[in-house]
Amino acid sequence: MKPEFWQDRWNKDQIGWHQKSANPHLVKYWPTLNISQGSTVIVPLCGKSLDMRWLEGLGYNVLGVELSEKACKQYFDQMELEPKVSKNASGKFTIYEAGNTQIWCGDLFDLDADDVKYVSALYDRASVIALPPDMRERYAAHLGALIPDPQGLIITLDYDQSKMNGPPHAVSDAEVQRLFGTNWKLTLLEEVDKKDMFKEEGIEPVERVYKLN
């Protein structure tokens, strides 16, 4: 899967994964994690997610990472904010910043340890399921190396992949444990049947919520 795939989806406004309010699992479980206010939360492949506004509203610093410049700009447009624009130290990312939220526009795999040195929490709602198997391996290894022991949430989707091509891709519980369990401690918090999500395709996906601790 090449970057152009996602750029094209954003350019054509084919962004069915975008939610119009904060994710209910985030709202339900994040306050139970007891993550200190003022902590920095990384949101990989963040798009223009309103989850970032919700996290900032609770007193967190948010570091979103997003490939699409259009998505980065639209996030602040919907907030009616004019972001400050700068570059990171390596020059590989354009940083859009307003309030306590930064969105780094660039390739997630170009992040280095210095870029995320203040990050202590992670929120992944639609990141790992956006990626095909080979990229999921890279994603988990990359974040595991950069962020040794984060708190946070990972939300995944699982279904019969033979019935539909992703994204969103099916990621089983066993794969989540294999990908992330090497570097991080995971606890399954909830499984939810999402029977209406892909009803026309005859698929009955399961959504899983994991705690990082």
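Glycine is treated like the rest: Cβ placed from N, Cα and C.
Just so it is clear, the model here is predicted, and its values are computed rather than measured.
Feature annotations, courtesy of Swiss-Prot:
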- W10, L45, E66, R125: S-adenosyl-L-methionine binding site (BINDING)
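Shown on the structure are the features that Swiss-Prot records.
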| residue | record | DSSP (3 states) |
| --- | --- | --- |
| L45 | S-adenosyl-L-methionine binding site | coil |
| E66 | S-adenosyl-L-methionine binding site | strand |
| R125 | S-adenosyl-L-methionine binding site | coil |
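Neighbours of R125 (S-adenosyl-L-methionine binding site), defined as other CB atoms within 10 A of its CB across all chains, total 26. Listed in sequence order, the residues of the same chain lying 6 or more apart from L45 (S-adenosyl-L-methionine binding site) and placing their CB within less than 8 Å of its CB are V65, E66, L67, L108, A126, S127, A130. Within 10 Å of the C-beta of E66 (S-adenosyl-L-methionine binding site) there are 25 other C-beta atoms, taking all protein chains into account.
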